[in-house]
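Straight from TrEMBL, the features:
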- 29-47: transmembrane segment (TRANSMEM)
- 135-153: transmembrane segment (TRANSMEM)
- 160-178: transmembrane segment (TRANSMEM)
- 184-205: transmembrane segment (TRANSMEM)
- 252-269: transmembrane segment (TRANSMEM)
- 400-419: transmembrane segment (TRANSMEM)
- 425-446: transmembrane segment (TRANSMEM)
- 458-479: transmembrane segment (TRANSMEM)
Amino acid sequence: MATGLTSHYTRPLSFSEGRPLRITSSVRVVLIALALIALYRVASLLLHDPMLALANNYDQIRYTGCYDVGPIRPGVPAWHSNPHAPLSLYGTQPIPEGNCYWSTDLLFGAPVAMAWRIAEWAGGPAEHSVRTLGALRLAAWLLVAVWVTASLCRSGRPDVAAAHLLALAVVAADPVNTLYLNTFYAEAGALFGLYLALAGALVCIARPGRVAFAAAATGAALLAGSKFQHAILPLLLALGLIVAHDCRMRRAAVALLLGGLAGGAVQLYQGTRAIPLAEAIAATNRVNFVLTTVLPNVADAGATVARLGLPPACAELSGKSIYQLQEPVETLCPGLRELGALPAWGALLAEPRAWFRAMQRMPPYMLWIPDYLGIVEGVDGKPLPAGQFTLSRWIDHRPLGLLALFGLPWLVWAATWILRAGPLARGFAGACAIGSVAAAGIALFGDGYVELGKHAHLTFSLALASLAVPAAGLVRQLAQPRAIAHRDAGELADRAAPLKK
């Protein structure tokens, strides 16, 4: 029989392997402080007057068209974009049929739109604030954050709970993410789905149970179903967990796989819907990818155009997006709109140097906060106020900063293997590394360089979230000595008690 002070002790799983930790007064202060910082950052932006949000580049109309609601602008149709400044007042307005694009984010927008209709039916005003939607989104985030923090603390992992709250305070609460809350953009639902998927997976590993499994699966479904480009992202996050080579990770990986398949099926089915909106979006994406990404980076644009079966005149459009063409693309380059996605992707992948050139040219287009969309209501084109701290000021328009960001999760992942960190650290870092690259790569192959930063917005959050791994290790190192002393003293007292008798 094994003997010693730790003979009856089973080592738990954590970001850094070790004994379960007690929630000391210092750890409790850290948890409360991080939670308050996160809440303050989000609330200060959501309640800001005038309203702060990303203006509508038209994408929001794809979703408000499902409810027949739109911004109130006298004399301007509800289905027109307003990229210069956000609008806070919405009302029930007819939108032409065929402008409804499915997304799991409709689960947030639909209840709000229904509440507005009920209020109008009951004799209330016909104008409604989009801040109601932001409040609903915030409530969902708070509910999950409280559950995750409490579950991790009950599992003896306040170090992971502190790292989780740090990620919320620094990354999730950054304006780059919270600017989507007071909007109908599906990016808000995608970000929440990513958070619920990863946080649910952490709890599923640390404190296995049906609730945690369901939470991780639900988050994966919300993420995969939010936008077509995220349809396979949960499956890649699951791959990061599986690579950790630990049986305790499999349950969480299965939850992500099942939820991802369910949500992805929604978007894959949507791709088969014969509606003008879906067909126009797919065609526009292919045109932008070929013109902005394939032709400028291949060795011979003319030869590539010929291999794709397009007329030679198409090569002259290299570097222009569909929005920069002076005439319809059908006139300038017949057949490009009908070109399949696989031939277009193959044209770039067939030349490794072209693919590398395409990636090298990404930084100028990877803007975490799009500079072509207004942010302050009532003022056209005004950027985020200086009083709102954001990490984007250190990353946008800084190629070296962006390069460091891309490499960050891979360095953290490599460190977890070199330093022989626990499976949870390896799995979480792997999910962040694989997910960050996948989100950027899929966005590039989707719409090319057009709005690349907005389409790849999850890349930034996933990369920075990897810092939760060393943060948890630091908290554990600071808290563990006292915890070990308390436990060892208790075990010595228990062993000495029979001798006194």
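The backbone N, Cα and C atoms fix where each Cβ goes, and this holds for glycine too.
Using a cut-off of 8 Å between Cβ atoms, the transmembrane segment (458-479) and the transmembrane segment (135-153) share fewer than three residue pairs, counting only pairs 6 or more apart in sequence. Taking every recorded stretch in 29-47, 135-153, 160-178, 184-205, 425-446 and counting its Cβ pairs under 8 Å to the transmembrane segment (252-269), the highest total belongs to 184-205. Scored by C-beta pairs under 8 angstroms, the transmembrane segment (160-178) has its highest count with 29-47, from the stretches 29-47, 135-153, 184-205, 425-446. Contact counts against the transmembrane segment (425-446), taken as Cβ pairs under 8 Å, peak for 184-205 among the stretches 29-47, 135-153, 184-205. Counting residues 6+ beyond its ends, the transmembrane segment (135-153) has Cβ neighbours under 8 Å at 23, 31, 35, 38-39, 42-43, 46, 108, 111-112, 160-161, 164-165, 168, 172, 181, 188, 192, 195-196, 199-200, 202-203, 206-207, 212, 215 in the same chain.
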